[in-house]
Amino acid sequence: MVYKKDIGTRVANACFSQRYILAIMGCAGVANALIMRACLSITITQMVRPSNHTSESGEIYHDPDACPALPVTPANPSKPVHPGEFDWDEKTQGKILSAFYYGYIFTHIPGGLLSEKFGGKYTLGLGIFSTAIFTLLTPWAARMGSDELIALRFIEGLGEGTTFPALCTLLAQWAPPLERSKLSSIVFAGVQIGNVMANSMSSLILEFIPGGWPWVFYIFGGVGMVWCVLWCLLCYNDPSSHPYITEKEKRYLQETIGQIERKKDLGPMPWKAILTSGPVWALIIAEVGHDWGLYTMVTDLPKYMNDVMHFSVAQNGILSSLPYLVMWVFSISTSALADWLLKVEYMSITTLRRSFATLGAVVPGLGCLAASYVGCDKVAVSVLFTAGMGFMGFCYASLRVNSLDLSPNYSGTIMALVNGIGCISGMGTPYIVGILTPNIL
């Protein structure tokens with residue numbers, strides 16, 4: 001296909017082009033989804049009572065690898081200190097934190113199929129709507145018991161599992177090839193924004209709002225409901241069904257993207273071709289590695305900062321947010337770089353995706369590994385986690401957009417398959433960490 005760069009240049013400069021409105025709303029939707037998913041990771045540190053672990057001889061257990069706990073002055077001294085409501089051990093907390101991902105994996109492929117057949121607008125909207133409802137119900141479920149909370153988090157994961165497949169289907173309709181990295185990274189930057197806000201805003205709510213931890217879920221669930229209303233009013237499945245798009249932008253998108261067929265107009269799903277595709281399996285393997293590191297940080301970095309490094313809740317929220325803030329900056333800047341490298345034909349799409357995926361995997365691994373060797377140097381630990389995870393931003397111009405390169409018509413299903421298998425990591429890491437660290441430090 002020949003891309004008309006002169007048309008693209010003029011239209012890309014439009015201030016209110018509908019594809020960028022969709023990208024911004026998609027980013028806000030992803031951010032909301034990640035906030036509602038991740039806010040429990042820091043909130044649970046204040047929901048659970050700290051407990052001393054004793055040996056068989058009755059002596060209090062102290063982990064020799066833990067940092068010394070120093071007196072911490074709260075950011076809000078007038079706020080009474082509550083010791084937590086629940087006596088959940090580390091294994092139970094691991095089950096609670098991982099339950100979401102057990103539900104999340106089941107709706108990836110159905111979400112991809114539904115979005116390809118009916119469009120991504122309502123598939124995504126209904127998924128986030130259900131997540132918001134269950135977020136609002138979280139305090140009630142927690143007070144019913146740990147089993148009830150595990151069940152609710154599982155169902156919440158079912159709703160959110162449609163998010164990324166639906167977004168890929170929408171991007172296939174709205175993202176021109178020469179803007180694909182940029183638009184995709186705007187949308188998926190919501191992952192970092194969501195993680196930043198989940199940690200920082202949760203810590204502020206816990207520190208300053210009377211009523212304690214339940215308000216984290218009430219506020220974020222309410223914001224999710226507001227987003228659903230705006231999404232239904234502002235965004236549409238494709239350019240041809242959008243009532244407010246200009247003819248100029250519609251013509252540009254039709255000329256550069258072409259007509260992506262809906263599932264009902266396509267032949268049978270080519271499962272054999274997908275499941276025997278080397279590039280698809282390479283993408284799956286890369287996604288599993290990426291998600292293993294990312295989900296470990298999302299679910300357990302706040303607990304590590306609280307239990308091992310002994311930061312206050314406010315410090316924990318800020319420092320647990322910094323890696324995602326840097327990752328967001330990297331994702332936007334590296335995506336602009338990727339589009340430029342493709343535009344000037346400096347490297348092929350395949351070489352670019354591979355190079356960026358490698359940087360996004362190797363450097364974060366080295367950063368996290370180095371952080372375990374600097375002892376109780378709080379500055380060094382924070383810098384290494386932040387810098388290392390920042391490089392995960394390279395994955396957003398590689399892993400997150402690659403399904404669109406492989407097959408625009410089936411990008412939702414491919415993303416569902418890749419992201420679904422990848423999130424198996426998220427199912428395992430919190431529980432494994434709970435087993436490896438059975439004592440609250």
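Backbone N, Cα and C define each Cβ position, glycine as well.
Since this is a predicted model, take the numbers as computed values, not measurements.
Sequence annotations record features per position, and here TrEMBL assigns domain 'Major facilitator superfamily (MFS) profile' to 21-441.
Look at TrEMBL and you will find 20-40 (among others) tagged as transmembrane segment.
Same-chain residues lying 6 or more positions outside the transmembrane segment (122-142) and placing a CB less than 8 Å from one of its CB atoms are 26, 29, 32-33, 36-37, 39-40, 47, 85-86, 107, 111, 114-115, 148-149, 151-153, 155-156, 158-163, 165-167, 169-170, 213-214, 217-218, 220-222, 224-225, 227-228, 231-232. Positions annotated as transmembrane segment by TrEMBL: 122-142 (among others).
The transmembrane segment annotation in TrEMBL covers 215-236 (among others). Same-chain neighbours of the transmembrane segment (215-236): 18, 21-22, 25-26, 28-29, 32-33, 35-36, 39, 43, 121, 124-125, 128-129, 131-133, 135-136, 138-139, 170, 198, 201-202, 205-206, 209, 242-243, counting only residues six or more beyond its ends whose CB sits under 8 Å from a CB of the stretch.
For 318-342 (among others), the entry in TrEMBL reads transmembrane segment. Within its own chain, the transmembrane segment (318-342) has Cβ neighbours under 8 Å at 42, 178-182, 184-186, 188-189, 191-197, 199-200, 203, 297, 301-302, 305, 311, 349, 352, 356, 382, 385-398, counting only residues six or more beyond its boundaries.
Under the heading transmembrane segment, TrEMBL lists 354-373 (among others).
With a cut-off of 8 Å between Cβ atoms, the residues of this chain six or more beyond the transmembrane segment (379-399) that come close are 181, 184-185, 188-189, 192, 283, 286-287, 290, 293-294, 297, 301, 309, 319, 322-324, 326-335, 337-338, 352-357, 359-361, 363-368, 370-371, 418. If you look up TrEMBL, you'll see 379-399 (among others) marked as transmembrane segment.
Annotation comment: TrEMBL describes 411-433 (among others) as transmembrane segment.
Beyond its flanks by at least six residues, the transmembrane segment (411-433) meets 91, 93-95, 97-98, 100-102, 104-105, 108-113, 115-116, 120, 161, 164-169, 171-172, 269, 274, 280, 283-284, 287-288, 290-292, 295-296, 298-300, 303, 399, 403-404 of its own chain at Cβ-Cβ distances under 8 Å. Through the fold, the transmembrane segment (20-40) approaches residues 14, 96-97, 100, 124, 127-128, 131-132, 135, 138, 153, 156, 160, 163, 167, 170-171, 174, 183, 186-191, 193-195, 197-199, 201-202, 216-217, 220-221, 223-224, 227, 230-231, 234-236, 298-299 of its own chain, all at least 6 residues removed from its boundaries and within a Cβ separation under 8 Å.
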